[in-house]
């Protein structure tokens, strides 16, 4: 099937659009329920016009490229936030870090929903990302504190199911909200509700999980059992009373965090993880735009609700990945221990990535060809689901590997894992769509598949030499 004749916007066109002060009316023939119409030449000028219900852009007179920058800055701040929250767990404790960062995240979520102008909206999106990221950044540290070694892989799998599905649940719910109310503010009020629910769960169930095993049992600080005692640990009052001998200093915490990245095995596997995960964000951007573009201009002409249903594809893939990995990760560990006389090495976690790479690479190729040749949505759904399956199983393998390699620095290694995920997604958000429009989605997604294959070579390197690299580099002090 030949690629349809579709004219795509260049980045220069988007910038010119951002300077327009009036949103032009659409011809009746192209008014749809979709989000945007890409690159229509009329009267010799190429510009981005909005569909009938493109509320945010109509309200602030900004091009879609400019509006999408708020998503990229949100992802960037999620990456940078972890550089603060992880060290904080070492000098004020896990629970206070989670409580105060989520409380401030809730405040900035409310501010986002009531933003009166684009500048305020942009700033609030950035601050929300910075504070709300603590949950995903330090959560593995809680898992490490609470569960035994043989339980961690499955618990990390359940965590990964929720975390990796979250970037898709947001657009899914958001599109349904827009389809029902046609108000962008309502989407962010849903975000406020989710953040509020987080706070309810924190106040109801959270407690400080860090236990300093260097201190003898009879010298451990007393932990009361009542509600007020638990609240003192959540808010940091208890931690402040005993921080001089129970927690690290601020300098030691930040030093330990940044020294973690000097471990070669950890650094190499996280670079590979960045190369794997970044394209999940790219798929999010490309498919959402093309499926909401009217058929007259090369898209699929989906309504808000239609795009919302489309997001079930990656969620189902992630769920199937959890079911598969739930058992296969334990099988790999048991098999390794049985073949090595009861000795376990963290590198036993890595073969899962070889299996995952098949679905990640295959999914990217299928997605690219489906978008390039404008194939049936079934091809997009299958490719997206395959890639999400691979991302899910890869994330569990990487998280389990870094924790098994450096079990005394669970917060630090999970923080850098989050940084690798988020910083890759931040960068892709700026070039994914113009790249695909310029060279064709078959080429752009094929190149992404090649980059994933290169990441597998890095995994092979760690699989083969990881043990010796860890021994030479020594433990994290």
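One is the number of the first residue shown, and numbering goes on along the chain from there.
The backbone N, Cα and C atoms fix where each Cβ goes, and this holds for glycine too.
The domain 'Major facilitator superfamily (MFS) profile' annotation in TrEMBL covers 1-467.
Per TrEMBL, transmembrane segment is recorded for 73-92 (among others).
Per TrEMBL, transmembrane segment is recorded for 122-144 (among others). Here the transmembrane segment (122-144) has long-range neighbours at 69-71, 73-82, 85-86, 89, 94, 97-98, 101-102, 104-105, 108-109, 111-112, 115, 152, 155-156, 159, 163, 166, 191, 195, 198, 209, 399, 403, 407, 410-411, 413-415, 417-418, 422, meaning same-chain residues at least 6 beyond its ends whose C-beta is under 8 angstroms from one of its own.
Feature annotation from TrEMBL assigns transmembrane segment to 156-181 (among others). Long-range contacts of the transmembrane segment (156-181) within the same chain, counting only residues at least 6 positions beyond its ends with a Cβ under 8 Å from a Cβ of the stretch, are 33, 53, 136, 139-140, 143, 187, 190-191, 280-281, 284, 288, 303-305, 307-309, 311-312, 314-315, 318-319, 321-322, 325-326, 329, 388, 391-392, 395-396, 399-400, 403.
Per TrEMBL, the feature transmembrane segment maps to 187-206 (among others). Nonlocal intrachain contacts for the transmembrane segment (187-206), taken as residues 6+ away from its ends with a CB within less than 8 angstroms of a stretch CB, comprise 95, 98-99, 102-103, 105-106, 109-110, 112-113, 128, 132, 135, 170, 173-174, 177-178, 231, 234.
Sequence annotations record features per position, and here TrEMBL assigns transmembrane segment to 265-291 (among others). Below 8 angstroms of C-beta separation, residues 34-36, 38, 68, 75, 164, 167-168, 171, 298-300, 302, 306-307, 310, 314, 353, 360, 364, 367, 371, 377, 380, 384, 387-388, 390-391, 394-395, 398, 401-402, 405-406, 413, 416-417, 419-421, 423-429, 432-433, 436, 441, 448, 451-452, 454-456, 458-459, 461-462, 465-466, 469-470, 473 of the same chain, each at least six residues beyond the ends of the transmembrane segment (265-291), sit close to that stretch.
The transmembrane segment feature in TrEMBL is assigned to 311-332 (among others).
The transmembrane segment annotation in TrEMBL covers 353-372 (among others).
If you look up TrEMBL, you'll see 439-462 (among others) marked as transmembrane segment.
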